[in-house]
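Accompanying notes for the structure given below.
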Amino acid sequence: MHTLNLTQSSPVTFSKSTNHRCSINASSLLNPNLISRTHNQTALFNKASTQIGALTTKVSNFGQIHGYPFGRSSRSTSQIHDSGFRRDHFDRIHGNESGFFPKSGSFITKAAASESESSPEGDASADSKPKSKTLQLALVFGLWYFQNIVFNIYNKKALNVFPFPWFLASFQLFVGSIWMLILWSLKLQPCPKISKPFIIALLGPALFHTIGHISACVSFSKVAVSFTHVIKSSEPVFSVVFSSFLGDIYPLKVWLSILPIVLGCSLAAVTEVSFNFQGLWGALISNVGFVLRNIYSKRSLQNFKEVDGLNLYGWISIISLFYLFPVAVVIEGSQWIQGYHKAIEAVGKSSTFYIWVLLSGVFYHLYNQSSYQALDEISPLTFSVGNTMKRVVVIISTVLVFRNPVRPLNALGSAIAIFGTFLYSQVTAKKAKKPEVEKQN
């Protein structure tokens with residue numbers, strides 16, 4: 001039997017039936033030094049537990065920022081998924097608000113940036129970002145504008161001496177198709193998985209893209225580049241009207257914003273020196289084609305969210321080439337050889353003509369590719385404003401290069417139409433921004 005007798009001054013005695021005794025002095029248990037050491041060890045243990053908890057919180061926050069499994073919430077996952085498939089991208093490139101989508105990685109980067117900005121370290125590094133961001137933005141816009149200007153200039157030069165827009169439009173799609181095949185083969189751009197349903201879903205948008213592209217080329221061949229761009233600025237009008245027929249509802253501000261576009265385009269058409277009905281109808285049909293492409297793509301491509309905008313545009317270019325080239329051969333094929341010899345005589349050197357045609361094809365694809373990269377770097381509202389200003393820059397540049405006569409009323413009509421496009425982009429961008437804010441809240 002064990003017995004324990006504990007008093008402050010008496011020893012602790014354990015007794016056994018074998019009569020062996022072990023003595024412990026109880027006063028040692030109450031030693032102040034021993035108690036102090038016990039408290040210190042307990043404090044160290046609590047401090048270590050607090051540090052481990054803080055480290056766990058940081059790891060969880062890191063996972064939420066960068067999309068890793070640590071602490072990923074359902075809300076952040078859905079936002080990343082939605083950002084990877086924004087169907088409004090393609091239409092914003094051409095002046096509207098619906099279409100294809102940018103790369104999904106841009107949202108993750110922006111989410112990480114927003115989280116870092118809320119921390120003290122982010123506040124310290126945020127001061128050094130505006131300058132580099134402004135420089136990057138200026139570089140993106142400058143490259144985008146430059147490529148668009150070069151395309152319009154050399155496209156018009158080639159059409160002036162070789163007035164066969166069906167051939168030139170086919171060649172531009174051919175160059176874009178070869179360009180994308182090179183990017184995919186060299187793995188500079190990830191190649192999307194191709195399936196029969198994907199190709200079938202692309203047939204409709206590619207057909208309307210073909211109509212829009214060839215109609216624009218026909219317009220460029222008949223009238224001044226500046227006039228074609230003024231008429232093409234009326235594309236939002238067709239977008240609102242067609243979308244309304246399909247059930248979309250627009251507020252009064254949107255309808256009011258398209259009135260200056262209609263007024264400006266009408267005034268510019270009446271006072272245009274190089275006015276031609278084929279050029280006018282070509283630009284209008286181009287607007288119809290691109291608007292129907294954007295609307296149809298929303299309905300047919302909803303199940304292919306993993307394909308980014310540049311890959312989608314590449315495959316549409318390839319399919320459009322198969323649509324356009326056989327028709328071009330039927331319409332113009334018999335005149336190409338004779339037109340080629342006349343073009344060489346007009347230019348003087350065959351190499352000059354080759355360069356013009358080649359540059360029109362290369363820069364047609366490059367400026368479309370840059371537009372996708374621009375939307376990855378900036379907000380949709382900034383992109384819409386930049387796209388409107390791009391049209392102004394192209395009009396002014398082509399007027400200076402080709403010395404097209406511009407009447408005062410024609411310039412006024414062009415300015416009113418461009419201003420209406422600017423108002424439309426502002427109104428629709430704010431309208432699209434409200435549902436996103438409400439969804440996040």
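From the backbone N, Cα and C atoms, a Cβ is placed for every residue, glycine too.
Per TrEMBL, the feature domain 'Sugar phosphate transporter' maps to 135-425. Sequence annotations record features per position, and here TrEMBL assigns transmembrane segment to 135-154, 166-186, 198-221, 241-263, 275-292, 312-331, 351-367.
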Mean pLDDT over the domain 'Sugar phosphate transporter' (135-425): what is the value? 89
Selection from 135-154, 198-221, 241-263, 312-331, the stretch that has most Cβ pairs under 8 A to the transmembrane segment (166-186): 312-331
Mind pulling out the one from 135-154, 275-292, 312-331, 351-367 with the most Cβ pairs under 8 angstroms to the transmembrane segment (198-221)? 275-292
